[in-house]
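Here is what TrEMBL records for this protein:
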type	residues	note
TRANSMEM	25-46	transmembrane segment
DOMAIN	26-305	domain 'ABC transmembrane type-1'
TRANSMEM	58-76	transmembrane segment
TRANSMEM	138-158	transmembrane segment
TRANSMEM	164-184	transmembrane segment
TRANSMEM	282-303	transmembrane segment
DOMAIN	339-573	domain 'ABC transporter'
Amino acid sequence: MPEERERGAGLRDLLSFAGPHRGTIILATALGLVGALAALAQPLLVGEVLKSVRTGGSVFQPAALLVALFVLDAAFSGFQGYLMGRTGEGVVFGVRRALVGRLLRMTVAEHDRRRTGDLLSRVGTDTTLLKAALAQSLTNIVVGVVVFVGAILLMALIDPLLLAVALACVAVATAVVLVVATRVREATEEAQERVGTLGAALERAIRAIRTVKIGRAEDREEEAISGEAGAAYEAGVRAAAYEALIGPATNVALQGSFVLVLGVGGARLASGDLALEDLVAFLLYLLYLVGPLVIVFSSFAELQQGLAAMGRIREVLESPVERSSGATPGPEHPAAPVARLDRVGFGYGPDRPVLNGVSFEVTGPGLTALVGPSGAGKSTVFSLLVRFYEADSGTVELNGTDVRQLPLNELRGRVAYVEQDAPVLAGTVRQNLLYANPDATGEDLNEVIGLANLHRFIEKLPNGLDTEVGDGGTLLSGGERQRIALARMLLCKPGLLLLDEVTSQLDAGNERALKETISKVTKRCAVVVIAHRLSTVVEAGKILLLDGGRLTAEGTHDELLENSPLYGTLVRTQMIEAEGLSNGDRSLKA
């Protein structure tokens, strides 16, 4: 692969985003070219005015035409600027939509690997750089090159010797700019990476703001985040320093060429080899080169920044997304277990094995508890059932069908998953409840509110179901957030409900209410709970004991106490005696 492709996206990748706006870009470029041609004709008309003055002819016609060209150039340039500005916003809109779509469909494994703040910076800062490259740089380069080439040709017609003098200086400026532009791109890539790191650090601290405050870590976090901001500042200054060299290098070269041309041209004028109007026209064209060259070189630097941003954007757009296998709903087998794992192996990497040969079945309706020491692989089992991850070996089945053969929408319609710290999204209680099933009826909504024992809670809210819950549900207690998350999943009417330590944030009263809810739900569907409290475990029809990534035992609470030393150890080490089974506040850390 060419080095340029390794360092970032190429120009072809950049242009692909402009595809839907090709017509507007062509029109804007055409307007710019017309304006450029009008500008190129102006020095010739100035020469005609001087010639008319020298020969005693009328200056009205060339002067009027010159004014008309001024107006035409200004009008076309203004309209071109509007079109390219609108196109730039359209490109950014399209890229942001593509990024958002990719981020939402990216695999959970990829999200776990990346920093959220860095991903957000690619949607914000990087797309803005892309807009500048597409909306301004490309068109400016095309128009600037046309003006430059046109001016060179006309200058060649006026006096080839003076042109050779001017081009020698321009060549020096071009060499400097090409070297500097490479440095601009490298510095911009580093600056964007630093901005992404800064965003990730700030996002981490804000998400954990309560922990930051209670840990008296404001000063430490400020120092750490300021350090990231300082690194971004230094990288940005380096990029700005390199970019700042382009304008002066161009101006010095052109001003030097102006002085040389003026000297050589003056000598040729004195010798009679060059007419005054031709020298004036040549000098005007030389001055006209300043603007296009500065624009071309500056736009080239902006293009390098856009290519650097494109590389980061393309990295996200090429990241792995979830595969939805199967074009039609998979078949259900009524006689098959609701869920089945057969010799399943899985690891988060070659050096991080989690599950090894795990096999079990979940039949429904009923309650199954999943217990074991920390790190045994309990939450990983849930992630495999909903295909957040895919098993490395063995099969995971739902109603007799391999989950890899089920369309994701169908799979996640059959299985509901309530996480340990299930998020409540900014918005109202109603919006949160309807989040997974926005087409649910009012009757269905009232039913799950009753199932989750939320009636009394909702009645106390100032606006009932339409009460705002705050960003991340900050206006709710942990228990309230947990019950809303459970009700949200119940509204999907799943065949399998996965509960990951849902009682961990509940007091005794809320736990009793949730146990009543689970008891009702187990009559409708299969429920698998990662058990945190013994009161939940003893009521399970089946308990699955995981240890070291293996299923070491299964049975009822009494059977495991009798037959599994590990299970007995878990109970004893958590200080839960047999006579204390009725105490729902005592915990089994599973």
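Every residue gets a Cβ built from N, Cα and C, even glycine.
Most Cβ pairs within less than 8 Å of the transmembrane segment (58-76), among stretches 25-46, 138-158, 282-303, belong to 25-46. Residues 18, 62-63, 65-66, 69-70, 72-73, 76-77, 79-80, 83-84, 87, 138-140, 142-143, 146-147, 150-151, 154, 280-282, 284-285, 288 of the same chain lie 6+ residues outside the transmembrane segment (25-46) yet bring a C-beta within less than 8 angstroms of a C-beta in it. Sequence-remote contacts of a segment are chain residues at least 6 beyond its ends whose Cβ falls under 8 Å from one of its Cβ atoms, and for the transmembrane segment (138-158) they are 15, 18, 25, 28-29, 32-33, 35-37, 39-40, 43-44, 80, 84, 166-167, 278, 281-282, 285-286, 288-289, 291-293, 295-296, 298-300, 303. Within the model, the domain 'ABC transporter' (339-573) carries an average pLDDT of 86.
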